Every structure is written in structure tokens, then in C-alpha cells.
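Residues or ranges marked as domain 'G-protein coupled receptors family 1 profile' in TrEMBL: 31-331. Feature annotation from TrEMBL assigns transmembrane segment to 20-40, 52-70, 90-111, 132-152, 182-204, 268-292, 312-338.
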Amino acid sequence: MGNTSSINFVLLNQIINRYFPIPLMFFGIIGNILNILIFTRPVFRDNVCANYFLVSTVFDGIIMFAGLLSRTLNGFGIDPSQTIPALCKLRFFTTYSSGTAASWFISLACVERYLASSTSTDRRQLLTMKRAYMSMIFVILICFIVYAQQFYCIDINQQILGAPQPCYQLKKNISCQIVDSLFQFLFEILTPICMMTIFSCLTLRNVRNQRRRINITQPGNISIPGIMTANLNQSIPLHHPTNIPTQQNRHLVLTEIKRRAQKRDIQLVKMLLVQVSVFVISAFPISIYKLYAVATIYQTKSIVRQSIENTIYNLSLISLVLNNSITFYLYTLCGVIFRKELVKLFRLAT
């Protein structure tokens, strides 16, 4: 305990708030701008999943300014939201609601991928842009309603009561602390993680089933049921008198179709696993902290213990925002089509 008490936690938290957000904000802003430019290109314009990614990117950008920029200014002691009540409340409301909306849109993208990979025509017919827009509006309204309590439960001058910063939950109001912590845990972290995990697993199951179902449905036709691409939706006729290939050519066509299907499936698997995994890992620290904060809310804590918890809180927030800063780089690494559109974008710019 003697070694712990000798740590200058004020300086440590100042360093965390001052320098850790800068690289995340720099790469995050650049990445989110490129995401918006790519997802608004014609190839993605009418794609439901891409539109979920686009709207999620917009809210990621909001977090860069409302969350990371404010935290950086706080590290240098010039953050107005720490001294002005209205800005304090607005900052928390904007950051929490934007983070929740961004995670929910990724969750809806996972649902869309599950439906798109289904062999059921009825499920695939659920994928319309009108329904996508309605779900976006619904998510945004829910986020506004859920976090409206922060205009009451968040205020300045809380650091004197043991809060990590002056602009924080009302430390004298236990109900506010419980509600605010549980709402963020349930709506921004737990529910989206459950949706991402469940529908990612279902999508992977659909993909595996599709790969097993690749076959010749009729002696004269080649088709792949359940594979949804423009070039493979229709069967390839081989029986027409003017288009009778040899047995070798027929085998080559089937082999090429299988190769393209496998390549697309692998790309989908990578994007699902990487995207969901990064969100789960980045959200894990703040999840544990929120549960711990609620579980120990009635305990009397020493100054040293409060300082340690505040430091963990600041690091956990940085970890959570990491997911919002690197989506562009994840898409670039895992998405072949995304990389191709990025190259085209750079060519147009030059």
C-alpha cells in the first residue's frame, strides 16, 4: 500500500487524458472521413449493410469530437465542459447516445448479414432500404430517450466528492449513479454484444450451409442456392443448342463459381469475426468497471482506492473509444471490395 500511495494519480490521469486520446482522434477522424467517402460511393449506395456502416461511422465521428476532443482538453485543463453545467450535460449525453447508436448499427448490420445469407426468400425480402431507415430512426430515438436522464444525473463540481472528473454523475445521488452505469452497460455494451455474437454465429452457420449446398441442381444447369451476388443469382444454362460447352468447360465453370463463393464467404467470416472481436475486447474493461461501480456503490472507499478506480475508469474509456477510431482500418484489412473502392477513391483524387 505504501508503494501505491506514493503514485501521483493526479499526474497519471492528466497524462492519460492529455496524450492517449490524441493518436486515436487523429487516426479516427481520418478513418471516419474515408469511411463516409467510400460508403457513399454508388456501389454501396443501395446496400443496406453499407448504409448501417455509414450511419455508424457518422456517430463514430461525433464521438471523436464530443468524447476524445473534450478529454484531451481536460488533460490540458482547458475543457469548458468541466466548468459549464450545460456543456457538461450535453457532452455526456452526446457521447453516450452516439456510442450506443454506433454499436447498435453494427449489430443491425450483423442482423442484415444473417438475413442476406439465408436461403429463405421470405427472410431476404425483409432487406429493404425503407425498413433500414426506419430502424435507424428508431435506434436514434431510443438512444435519446434512454440517456435523457443525464440532463438531470450529470453535473459539474463532482470531483470533490470522489468522481474521476468535475463533470460526472451526481455523487450524492445513488439512484443516478446506478441508473447511469446500468443504462450504459445494458444498452451500449451488453445488448449489442449479444446481438453481434448471436447473429454472427447464425451467419457463419448459413455460410457453411451454403458451401455444402453448392451443387448441380439439374443435369443441364449449374446454380448455387442461397448465394446472393449479382453474377450468381441465376442459374447458368448449359443446355441451349447455341451454348453447349464441353464437359471440361462445364467443370471449369463450376470450379470458378465455387472459388468465387468460397472467397466471398471467407471475406465475410473475417469481417464478422474481426469486427465483433474488437468491439468485445475494447468494451470489456468499461463493462467490468460499470458492474464493479454498482456493486461497491455503498462501500466507504479510501482516497487511494478512489484514485485507483478513477485511473482504471479513464483507461477503460480510452479502450472503449478505440473501437470507434479504427473501424476504417478494420474494413481495409478485411474487406476486398472496400479496398478496391478505396483505391478508386484515391485515383479520383489524383
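Yeah, the Cβs are placed from backbone N, Cα and C, and that goes for glycine too.
All annotation found in TrEMBL is predicted automatically rather than curated by experts.
For the transmembrane segment (90-111), the partner stretch with the highest count of Cβ pairs under 8 angstroms, out of 20-40, 52-70, 132-152, 268-292, is 52-70.
Within the chain, the transmembrane segment (182-204) has long-range Cβ neighbours (under 8 A, six or more residues past its boundaries) at 96, 99-100, 103-104, 106-107, 110-111, 113-114, 117, 142-143, 146-147, 149, 268-269, 272-273, 275-276, 279-280, 283, 286-287, 290-291, 294.
Per-residue pLDDT, averaged along the domain 'G-protein coupled receptors family 1 profile' (31-331), amounts to 82 for this model.
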